[in-house]
């Protein structure tokens, strides 16, 4: 019973870990889709600059496509582990363990590569000048994609211009910055802030924000946290799978002391019941013979008692006629 309880506990833990695999994999896929807008807008604004090289170097070669592929594969592997746990199949559990080990090695290699890959491309003033030169196309009908990218980046990262919000006044024919530069955005807010209170505009430029996006963005931190969590969960799942494989293997090879004791008890109870059933006719016959012997002995004792009474020296009492004749 102890080994059977351990197997049940291991199976329940594997169920929970497979559920975690599915949830975390779906979360990573969602975060990756969420990051797509950020990456697209950053690449749009930093095209042909060193910052673009750093973005591509950090995200696209390893983190972005590999994490998506790993998470998709983990969903399938989780189903494999669930089926193997339900059916107690040694083959499926071995495949499950091997798949987790391969995925873990890939994740470990990607993690080491990512953390060792230092961004040695500094942000140069020429990059800033290039970004400022592209500000002149803001708001033009044929450059709506660029307008959308600037507005998105300024809203999300709470910055304005490249170095300062006055870049919009220097590089374009605009009389005030875009409304996306406002701390509290509403139509015409930048015009109002420009004439009344400049503190209502973001004071920091977007040049440094673009660079810090590579290391300190919350999306990248979430991806790293999820990646570490998936790795730790995989280690636990592999340990539990090995333990479950060992328990199932020895259950099939040797039923175990507990199972043998329960089997022995069941067998003894069955034999006892069967013996009682077999001995019932014999016991009945014995009881019948015993009762007959007892009745015969009782009858014999009564006859012997009567014989002793007739042969007594005192004899039976004399009748009145015999007394008068004498």
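Backbone N, Cα and C define each Cβ position, glycine as well.
Within the listed segments 12-35, 132-155, TrEMBL records transmembrane segment for the stretch 12-35. Looking at 173-198, 199-224, 225-250, the range annotated in TrEMBL as transmembrane segment turns out to be 225-250. As annotated in TrEMBL, transmembrane segment covers the listed stretch 55-83 rather than the other ranges in 55-83, 258-286. Feature transmembrane segment, per TrEMBL, maps to range 90-115 of the set 90-115, 298-323. Counting residues 6+ beyond its ends, the transmembrane segment (12-35) has Cβ neighbours under 8 Å at 59, 64, 67-68, 71-72, 74-75, 77-79, 81-82, 85, 219-220, 222-223, 226-227, 229-230, 233, 236-237, 240-241, 244 in the same chain.
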